[in-house]
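Colleague: There's a structure below that I have some questions on.
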C-alpha cells in the first residue's frame, strides 16, 4: 500500500489560490461605441467587453436583438446553404467556450457558419451568446446562419435560467425582445443539397422538404406536431439495431415528440435524395456521434454534433464542430475554457451567506431563552396557580424548540450547502421539498437520493460523491432533458391515436457507440 503524499511545503494553506478577481467593467457600452458609421456592429469591441463580463446600454442590446430578428424574419423555414460550411451544435450559454469555438472553426469574417440551435439556458452567459451571435448575423447575414433549438422558446427559458438572467443583467424588455427574435429563427437548412440540418430530427408528419417549407414558424413552438418534432425528437437509443418495426415511437426521455428509427431515417433520405441528417440536441462524450451507415450510400445516415464542452461544468465531455468542404467532412474537437464563476441561480453573496449568519443569530436567541434554569423559572412563578405556571413554562419551551429548529435548519444549510444545491438542481422547480431542512442532515441526503432515483438516474448516488464520468452526469441530469409540463400538452384525437400506437410498440434498448472517425469522404 502506497504512503499518502506529504503536503508540498511550498504550497501555502493560508493564502488564497486566486489572489484577486478583476471587477467587471461598470461602464455600459453605448450605441456610438458598438456601431460604426455604417450602422454595423464592431464585433471585436463587443467581444472584448463581453469577455470581461461587461454589459451594454439596454437600448443597444435591444437594437442588436431587433435588427438581428429583422434579418432572420426574411429568411425561409428551410435555408439553402452551400459548402464549405462549419456546422455547430448546442452552445447553452457557454459564452467563453463559444469564443474557443470560433478559434477552432475559423473567424466568422471568412468562414461560413451554421448553428443548430440551443444558444441559451443552463449556462450563465446566455445573453452574451445571443448578443454576440446576433451581432455577427447583422455583420455577416449571408455567411452566418442560425437555426432554432428547443430552448429558444418562452416555455423553457422561463423554466430554466435565461429569463432570470435577462432580468438580472438587463430587464424583462430585453427578454421579451429575445423571445420575439427566437420566433423568427429558421427551422432547418439544406446543406450543399445533400444534408438536412435540424436541431432535433424527423417527424412522422414530415415526409418531404416541402413539408418543412409549409410550416408556420413565427410562434411559440407547440407541445406536439411537426414543428415540435423538428426541435425535440431523438434517434432511438438502439438506433441501427432496433427491436421494433415502428418508424416512430413515443419519446420517453423528453416526455414529448418521438424517437425515430434507422429505417425511418433511411426512408426519408432515399425519398428526398439526401445523403445524411445533421442534428444536435444531445450531449456527446466526444462532442459528436456518427450513427449506422446507409446501405445505399455507405455514409452515416445520422450525425449528432454537440458544441458545449464540459457541459454544465460536470459532464467532462469534449465539444466539436463539423467542417464540410470539397466533399470531405472533418470533425474538430476542443475542450472547455475557463470562465467566471456565478453562484447557482444567479444568487448574490448576501443570500449565499445567510445560512452562516442565521446559524449564529439563532444560537444567540437560544442562549438568551436558556438564560434561566427550570428552578429559577419555578421560583418566579410561585405567584401563579399550577395551571397558569405550567402553561407559561410550556410556552417558553415551545419558543426554545422553535428557535432550536430554526438553528438546525441554518446549520444544515451551512454544513450541507453542496447537498442543497444538488437537490435544488434535481427538482423541476429548483425549490427544496417541504420539510427537508428541518429534518436534518440525514433527511436532506435521503431526499436527494430519492429525487435522483425517482427519475431513474444512477442508483446509490450520494451528494458528497464527485461526478467522474460523462454517463453518470448524463444520468443525473436526465430529468432536465424533459419538456416541462404545459397546458397545451394534450394532442388532438388524431395525433393521440398515433401516439397510442407508438406507445404500444415502445422499446428500451441499449445504445452502442457510434463511429469515431474524424474524416469522411
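A Cβ is built for glycine as well, from the same backbone N, Cα and C atoms used for every other residue.
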Colleague: According to Swiss-Prot, one residue in 294, 417, 469 is annotated as phosphoserine; name it.
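Modeller: Cross-referencing 294, 417, 469 with Swiss-Prot, phosphoserine lands on 469.
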Colleague: Of the residues 27, 281, 339, only one is listed by Swiss-Prot in the Zn(2+) site with 118, 150, 199. Which is it?
Modeller: 281
Colleague: Under Swiss-Prot, which of the candidate ranges 297-301, 302-306, 307-311, 312-316 is annotated motif 'SAPNY motif'?
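Modeller: Range annotated as motif 'SAPNY motif' by Swiss-Prot: 307-311.
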Colleague: Check each of the ranges 375-382, 383-390, 407-414 against Swiss-Prot and return the one annotated as region 'Autoinhibitory segment'.
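Modeller: That would be 407-414, the stretch labelled region 'Autoinhibitory segment' in Swiss-Prot.
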Colleague: Which of these ranges is annotated region 'Calmodulin-binding' in Swiss-Prot: 2-16, 32-46, 392-406?
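Modeller: When 2-16, 32-46, 392-406 are checked in Swiss-Prot, region 'Calmodulin-binding' belongs to 392-406.
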Colleague: Tell me which range among 442-464, 465-487 Swiss-Prot lists as region 'Autoinhibitory domain'.
Modeller: 465-487
Colleague: Between 17-26, 327-336, which stretch does Swiss-Prot give the note region 'Interaction with PxIxIF motif in substrate'?
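Modeller: In Swiss-Prot, residues 327-336 carry the label region 'Interaction with PxIxIF motif in substrate'.
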Colleague: From the Cα of residue 118 (Zn(2+) binding site) across to the Cα of residue 352 (site 'Interaction with PxVP motif in substrate'), what is the distance in angstrom?
Modeller: 29
Colleague: Which secondary structure state does DSSP assign to residue 352 (site 'Interaction with PxVP motif in substrate'), in the simple three-class scheme?
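Modeller: Once the DSSP labels are grouped into three classes, residue 352 (site 'Interaction with PxVP motif in substrate') ends up as helix.
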Colleague: Provide, as an integer number of angstrom, the distance between the C-alpha atoms of residue 224 (3'-nitrotyrosine) and residue 150 (Zn(2+) binding site).
Modeller: 12
Colleague: For the Zn(2+) site given as 118, 150, 199, 281, which other residues of the same chain have their Cβ within 8 Å of the site's Cβ centre?
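Modeller: Once 118, 150, 199, 281 are set aside, the remaining close residues are 90, 116, 117, 149, 151, 200, 231, 232, 280.
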Colleague: What are the sequence-distant neighbours of residue 118 (Zn(2+) binding site), meaning same chain, six or more residues apart, C-beta distance under 8 angstroms?
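Modeller: Set apart from residue 118 (Zn(2+) binding site) by at least 6 residues yet with Cβ under 8 Å, we have 89, 90, 91, 92, 149, 150, 151, 152, 199, 280, 281.
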Colleague: Of all the recorded positions given, 281, 352, which residue's CB has the most CB neighbours within 10 A?
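Modeller: Buried the deepest by this measure is 281.
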